[in-house]
Each structure stands twice: as C-alpha cells, then as structure tokens.
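J.: One structure follows; several queries about it will come next.
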C-alpha cells in the first residue's frame, strides 16, 4: 500500500514538472515573437505600476487594448507613485505611473524619464455638512488647514469644531492640495488617511471634518464640495484654468519607449480612451485642457 | 540505528575492498531511499538552517537600510529618537522626530494588554477550572474564530462601530489611541487566552488537591494557588500578546487617526511606527530621505520586538528556577 502511494506521488510530481515545463516553454516562445514581428501584430508583455489613483484608468485602458491585440499581455500593478517612479528608473516597470512630476522627487533623475501626461485630476476640499460651509476664500482655507482657525463659526459657518483630515507624506494628492490650494503652507496636524474612500467616509461621519478629494468622489451629496475664492470646483473651471487645484496623471518611460509600449501610450492618449474611458473613470481628458502647467507649477495657455 | 545499517550491508559485500565501495555508494544514493537517515537529516538540518539564515538576513537587511538615514542622510540619531516633529516632506528645514510614533506604539501596546489581559486570563480560567467540558466545546472554537478574523475586518469594524461610539461618548473625532488600543486588545485576546489556558492546565493537580484538603474554596484555590503557580507563563502570554499588538498595522491605521504629534490625552488621535510606515511607504521613492527614515522606523520596530523576545526569555527562565 505504502509503495503504491509513493508511486502515485512521484507520478504526480513528474506530471506537474512536465506541465510546468510546458508552461515555461509557452511564455518563452511568446517572448521571442515579441522581439520579432511588431509591425503586423503586436505581441509581448508590458508591466505598468505605480500610482494607485491612476491604476483603475490604466487597467481599464489595458483591458480594451488587450481586446484589440489579443497577443499582448499588460500587467497593471499598484504600489504608489514613489514606487512607480523608482521602479521605472530601475527598469523594472515598462511604464511608471505617478501623480506627481518626477522632478518633484529629489532622488529621481527626471532627465532620464519621458513624461506622458495621460489625464488630469481636479480636486477640492470636502467638508462635512454640519459645518455649514459651501465656499471659502483661499485665505480662510489656509487659516483652516494651518490650524489658525479652530471653529467653523470663525469663517462664517456654524459653531462646530474643525477636524482636519490630511493625506500621508509623499502623497500626490497632498502635494497638489498643499501647493495649489494652500499656497505651499504646511497643514496642521489632524487625522491622516491614505485611501480616498476612507477620507470620504470620515468627512461624511465626523461633524466639522474637512479633507480633500478628487472631483470624482463628489458623486453624491454626502459631503460638501467646497468652492474656493468664489469659483466652483467643476471640470469646466479646471479645464479653463479658473480653478487652480488640479494635477496631471503621468505615465513615465525610461528613455524612448519600446514599440509595444509606445503603441499602448499612443492608445492612452488617443481619442477613444481620452473621450470615453478617462471621463468614465472620473478624470478630465488632457485634450480638453485649455491651459498647461510645467513641473515648476507655472501655468500657460495652450 | 547505525549498527543496523552496517549489519544489513554486511551480507551484500563479497570481500573487504568491495564492501567499502558499496558503502560509499549507498551513502549518496540512499537519499532516495525512504528509510534513509540521510534524507531525514537533510530535511531537518536544512529547515533549521533556512530559518536561522532568514532571521539573520532580515535583521541584516533592515539594519543596513535603517542605518542609511543616519550614515548617508546625516540625520542625528538622538534627534531622530527624541524629536517630536515629523515633517519629512517640508521643503524648507524638514524634520524627522520619531518620538510620537514610538510613544504611540508603546501606548497602544500597553493599553491593549491592560484591556485584554483580565478578560483573557478570566476566560482561560473558565475554560480550565470552572467548566472544562463546556469551555472546551464552546469557548475554544470562539477563540479560534477570533484568531481567524483578518485584521482588515477588525479595522473596518473599528472604523464603523468603535470610532462613532468614541466620538459620541468620549468626545473628539473618535479617532484615538483608545480606539486603537480597543481594536488591538480584541485582536490579541485569543493569543493571551490560549497560552494562559495551557499555563493553567499545566499546574499540577496535586497543588489543587492540597488546597482543597486545607479547606480552601474554588476561588481561593484559583487565586492563591493556581494563578501564582502559573504566574511566569501567564506573564509570557501577556508579553507575547503585546509583541503581536506592537506589530499590528492595518487595523490600527484605520482607527487611530495617524496624527503625527504627541497626543495630549488618551482620546486624541495618534500614530504608531507601523501606521506611518504603511501610510507613506508607497509614496516614497527608493533611496529618498523619506524612504530611508521609514526604514529606520522599521529598524526601531525590530529592535523593540527583539526586546519583547528577550523579556519573554528572561521571564520564562526565572519561572523555571522558582
């Protein structure tokens, strides 16, 4: 009996070895063909990773791209903007996704990287309903976030204590909000949360809470979308440059991309993705922007 | 065992020279033999070496990475450990003070142990002394279920139930040290309970019989005889629970608020070493100062965890002597 068991076990082992060998053969052959014929039919593998904010958009576009080119395999990972920039610089990712300009990370050699701005994300402060605030001047917003004002009644709201909800150090959302909504002032201490959904939940449930979110999260009336300096945070106002708090979503490649990677990035920037998938995922299309911004934050008309 | 193998080989050797050859041969091919000593030895020694090597590798890696912020980025170690301001991303004069997180980690751990230990030891006593049968049937599975719940579920329940409860009844935003300690306390309850139950079971029945013979009641026996006899293992159980609480990240991150200053009260938001690491790691680029100081926080975590293990060793050694 025992011997039979052993025979069965070894048989399974041998079988699985053969199978796995077959599997590895498969992948190696597809890898070879990717080097050969990329003019007729695209094939091969792309690894994309980084910003979790951009991840759903990249994944949706990748799914469509793979439908059109069945021999292409695209892997979209998360990891955060920092990981995206480091890994693309090291050559581990074909495309690194980032919420921030590579220039803003001191130890990344931005001159090595090629920047493709694939989408724009607008954001504004999200305020709990009980605060009784719908708009603020930038000056008052800075006072609120730097802790100079502790109660909403001091800036024209109800008598409710202010609770700040920040994002962690290094977060692209935080960097954008600090730079364009708070004029580079350092916000005071409060609750810190990373996930936009958690921030939304906290702002909704905590009386007097204020945080900041991408515009796509204001899809119901559980939180108040704050107007800054009398300008509503709408997509049109962001596109025309009237509303200042927005950022690019970047895809970086190391040097000039390989033909396959280039084909995918062209696909990302082209109309079907920009006018369907980008708005569906809650972003603004880059093609609609009437203004441009460089890494130093300087705004110019297109 | 070795004698036996020699005896087995004897008949198969026609002469002396040939015998040594065959023996040599047998040694190496015998790896494929089911009863071979060699196969067992390779597996067991291999596992032991693998475990030891991985501990050494993790320690070395974390030490090298964690020291970068002091060696490469020239941050003062003392300032790092005693500073209270954490602004690693500020453009002008960034500051790296990790004291609030060390304090937060220790406070959450101690508070969680204080909350969990009485319940854990109480239910351990219930399982072993008062209702062994019923306790085994009902309490044991309940505790096993508590172990099996993923920490993200604890965190989500904490965020949806404990935080609003704290906001309404304690005040503030509800995100606080206390909320974190409550969530972690429930998480370490099963660890302390099961080890405590083993400790109480290990107390010799002779001691109990002697106590009853002297006329002691059940409670007097538990309080004066069983608990003192099991003391050192009970303390080990609590310290092991604390070690687990110390390393917990996900559930704490969801309820503690992650404020980076020192809390003034138990109901203030705070942060721990683990929550700061998990919050910022993905946003930092490898080799940047922010990345390096996060590794340093990890190194501090490792050092304090080693401290917990040394403490357990020390306690159990003292327990053996008495």
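Using the three backbone atoms N, Cα and C, a Cβ is placed for every residue, glycine included.
Whatever TrEMBL says is automated annotation, not expert-curated.
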J.: Examine the ranges B:98-121, B:266-289 and name the one recorded by TrEMBL as transmembrane segment.
T.: B:98-121
J.: Do you know which of B:9-32, B:177-200 TrEMBL annotates as transmembrane segment?
T.: B:177-200
J.: Among the recorded stretches B:42-64, B:98-121, B:142-165, B:177-200, which has the greatest number of Cβ pairs closer than 8 Å to the transmembrane segment (B:293-315)?
T.: B:98-121
